[in-house]
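As recorded in Swiss-Prot:
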type	residues	note
DISULFID	Cys92-Cys125	disulfide bond
DISULFID	Cys255-Cys264	disulfide bond
DISULFID	Cys276-Cys285	disulfide bond
DISULFID	Cys288-Cys308	disulfide bond
DISULFID	Cys311-Cys320	disulfide bond
DISULFID	Cys313-Cys338	disulfide bond
DISULFID	Cys353-Cys371	disulfide bond
DISULFID	Cys374-Cys386	disulfide bond
DISULFID	Cys395-Cys404	disulfide bond
DISULFID	Cys407-Cys421	disulfide bond
DISULFID	Cys441-Cys514	disulfide bond
DISULFID	Cys460-Cys577	disulfide bond
DOMAIN	36-254	domain 'Laminin N-terminal'
DOMAIN	311-371	domain 'Laminin EGF-like 2'
DOMAIN	374-421	domain 'Laminin EGF-like 3'
DOMAIN	441-577	domain 'NTR'
CARBOHYD	Asn104	N-linked glycosylation site
CARBOHYD	Asn387	N-linked glycosylation site
REGION	62-83	region 'Disordered'
SIGNAL	1-27	signal peptide
Amino acid sequence: MPGWPWGLLLTAGTLFAALSPGPPAPADPCHDEGGAPRGCVPGLVNAALGREVLASSTCGRPATRACDASDPRRAHSPALLTSPGGTASPLCWRSESLPRAPLNVTLTVPLGKAFELVFVSLRFCSAPPASVALLKSQDHGRSWAPLGFFSSHCDLDYGRLPAPANGPAGPGPEALCFPAPLAQPDGSGLLAFSMQDSSPPGLDLDSSPVLQDWVTATDVRVVLTRPSTAGDPRDMEAVVPYSYAATDLQVGGRCKCNGHASRCLLDTQGHLICDCRHGTEGPDCGRCKPFYCDRPWQRATARESHACLACSCNGHARRCRFNMELYRLSGRRSGGVCLNCRHNTAGRHCHYCREGFYRDPGRALSDRRACRACDCHPVGAAGKTCNQTTGQCPCKDGVTGLTCNRCAPGFQQSRSPVAPCVKTPIPGPTEDSSPVQPQDCDSHCKPARGSYRISLKKFCKKDYAVQVAVGARGEARGAWTRFPVAVLAVFRSGEERARRGSSALWVPAGDAACGCPRLLPGRRYLLLGGGPGAAAGGAGGRGPGLIAARGSLVLPWRDAWTRRLRRLQRRERRGRCSAA
């Protein structure tokens with residue numbers, strides 16, 4: 001963005017030169033050749049040109065011989081102050097003939113919107129006043145603040161000392177009192193005020209909010225308070241009746257757009273507004289557009305565009321909000337949070353699929369169909385959510401498939417919605433093949449009854465403690481019955497280490513025939529017993545696996561035991577079994 005455009009313009013020629021068009025502007029002043037945003041400002045214009053001037057006094061009502069408001073040839077209306085003709089017009093605005101003091105007349109120019117002022121000038125058609133005050137408003141005329149004063153007697157008119165030659169003594173700009181305009185040889189005079197004269201040297205507009213506020217105005221007012229007199233400045237009776245006359249009121253400035261626009265336009269209602277760029281909006285480009293709030297709004301400078309950034313929502317949201325805490329945590333890079341993510345997405349950036357959907361790896365994240373429904377089977381799946389990456393639904397025991405829609409190998413469909421797939425049954429031993437008859441069962445085993453507490457001493461006496469799931473009915477193998485099992489967890493193992501995975505549980509045939517232990521397919525059990533079996537071809541046809549013989553304990557599994565067994569396992573590893 002160009003540096004601060006100071007210019008103290010003292011003659012009509014220099015005023016015209018400042019407002020004349022310069023070299024051709026680039027195609028898009030708000031972006032460089034590569035399309036990157038950069039700070040930009042509208043050109044310097046006469047903000048008062050063609051604007052209505054509100055004068056507190058104008059001659060012609062009632063009509064006189066020299067001034068008649070109803071006759072265009074003899075009218076001296078305030079419109080002559082800002083007409084496009086400027087100094088070329090032979091007519092001047094003229095106040096009424098003021099018969100007595102105070103001889104105050106005000107000229108107010110509403111600019112239509114906020115401008116950043118550079119200068120104010122006014123040409124007088126008669127001897128210039130000896131006392132003039134310049135005021136500005138930032139709220140369209142509701143309140144006023146002084147810009148500067150011009151007087152031949154600053155202390156008398158405004159109670160101020162004359163302006164020092166090197167500008168304000170303080171750190172910021174202030175309204176100073178300058179010498180009154182001098183009369184020209186032709187009897188006219190020129191009031192020329194530069195905003196630079198009221199500001200300390202070296203103050204940069206880009207980095208000084210105080211200076212930005214100082215030069216901002218929506219209205220400018222010129223107050224003519226005392227005509228020029230040859231004698232005592234307090235003796236107004238010597239000049240009455242008196243009439244002020246002036247023309248060519250100029251307010252040089254730039255449309256205030258905070259560095260985010262290179263021009264101002266009229267909206268549909270005829271109001272002057274900035275043609276905002278960089279994702280900004282508003283009459284002065286003073287805020288970010290609704291979806292451009294990934295970082296807070298800032299005024300553009302010559303070094304940094306501070307463009308408002310669109311929220312990163314991957315095309316799945318139309319609204320977002322700014323979160324300062326997230327912005328700080330990101331190193332002041334991003335603070336946007338997407339709202340109402342569409343297309344089954346979720347997250348701050350709509351970057352993952354919502355519950356019940358998963359990412360389609362064959363589509364881009366910005367694709368409207370990037371998230372596919374899990375479509376988990378209502379009976380075979382244990383829930384409606386699936387893995388966000390693979391789409392795999394959580395299946396019930398014995399169920400398989402991406403959507404849990406079929407039974408796993410070795411399982412068959414049941415009529416139960418709780419357990420839709422059960423283990424395919426394997427024929428067990430018959431009475432003819434069993435060496436023990438039911439009436440002999442009491443001599444073989446007594447099933448465990450009631451509650452059972454697992455103490456450290458009992459835990460340490462067993463060669464192994466494992467959780468198993470029975471896969472099918474037992475199969476007779478000589479003096480033994482073999483049950484296919486899956487070892488789900490190992491809490492203690494013997495010399496030949498028990499391992500998780502598929503295995504076999506060997507039960508003496510006599511005990512198995514009496515239902516001791518009673519092992520049902522699809523159920524889980526806690527097995528506390530002897531060590532791992534011998535190699536294949538062992539006694540009585542027993543193969544490798546686990547043994548549930550006399551001295552072993554088989555209990556229906558309870559989930560509450562897991563924590564207790566893990567605690568006993570840790571105590572064993574610390575050597576507590578030796579003490580027990």
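We number each residue from 1, going along the chain as drawn.
Placed from the backbone N, Cα and C atoms, the Cβ positions cover glycine too.
Features per Swiss-Prot, on structure.
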residue: Cys92; record: disulfide bond; Cβ contacts under 8 Å, 6 or more apart: His76, Leu80, Cys125, Ala245, Ala246, Thr247
residue: Asn104; record: N-linked glycosylation site; Cβ contacts under 8 Å, 6 or more apart: Ser56, Val223, Leu224, Thr225
residue: Cys276; record: disulfide bond; Cβ contacts under 8 Å, 6 or more apart: Cys257, His260, Ala261, Gly282, Cys285
residue: Cys288; record: disulfide bond; Cβ contacts under 8 Å, 6 or more apart: Gly279, Thr280, Glu281, Pro296, Trp297, Cys308
residue: Cys320; record: disulfide bond; Cβ contacts under 8 Å, 6 or more apart: Phe291, Cys293, Asp294, Cys311, Cys313, Gly336, Val337, Cys338, Leu339
residue: Cys353; record: disulfide bond; Cβ contacts under 8 Å, 6 or more apart: Asn344, Thr345, Ala346, Arg359, Ala370, Cys371, Arg372, Gln388
residue: Cys374; record: disulfide bond; Cβ contacts under 8 Å, 6 or more apart: Gly356, Phe357, Tyr358, Lys384, Thr385, Cys386, Gly391, Cys393, Thr403
residue: Cys577; record: disulfide bond; Cβ contacts under 8 Å, 6 or more apart: Leu456, Phe459, Cys460, Arg571
If I restrict to non-local contacts, at least six residues apart, and a C-beta distance under 8 angstroms, what lies near Asn387 (N-linked glycosylation site) in its own chain? Tyr358
Quick check: of the disulfide-bonded residues listed here (Cys255, Cys395, Cys404, Cys421), which one has the Cα closest to that of Cys514 (disulfide bond)? Cys421
Lowest local Cβ density among Cys255, Cys285, Cys338, Cys371, Cys460, which the record lists as disulfide-bonded residues, within 10 Å: Cys460
Tertiary neighbours of Cys404 (disulfide bond) (same chain, Cβ under 8 Å, six or more apart): Cys376, His377, Gly380, Ala381, Ala382, Cys393, Pro394, Cys395, Lys396
Sort Cys460 (disulfide bond) into helix, strand or coil using the DSSP assignment. helix
Kindly state the mean pLDDT of the domain 'NTR' (441-577) in the predicted structure. 80
Helix, strand and coil counts within the domain 'Laminin EGF-like 3' (374-421) (DSSP): 0 helix, 10 strand, 38 coil
Using DSSP, break the domain 'Laminin EGF-like 2' (311-371) down into helix, strand and coil residues and give each count. 6 helix, 16 strand, 39 coil
Provide, as an integer number of angstrom, the distance between the C-alpha atoms of Cys264 (disulfide bond) and Cys421 (disulfide bond). 74
Cys407 (disulfide bond) CB neighbourhood, other CB atoms within 10 A: 21
Secondary structure content of the region 'Disordered' (62-83), with strand meaning DSSP E or B: 4 helix, 0 strand, 18 coil
Could you measure between Cys407 (disulfide bond) and Cys255 (disulfide bond) for me? Cα positions, answer in whole angstrom. 75
Suppose we draw a 10 Å sphere around the Cβ of Cys313 (disulfide bond). How many other Cβ atoms does it contain, all chains included? 26
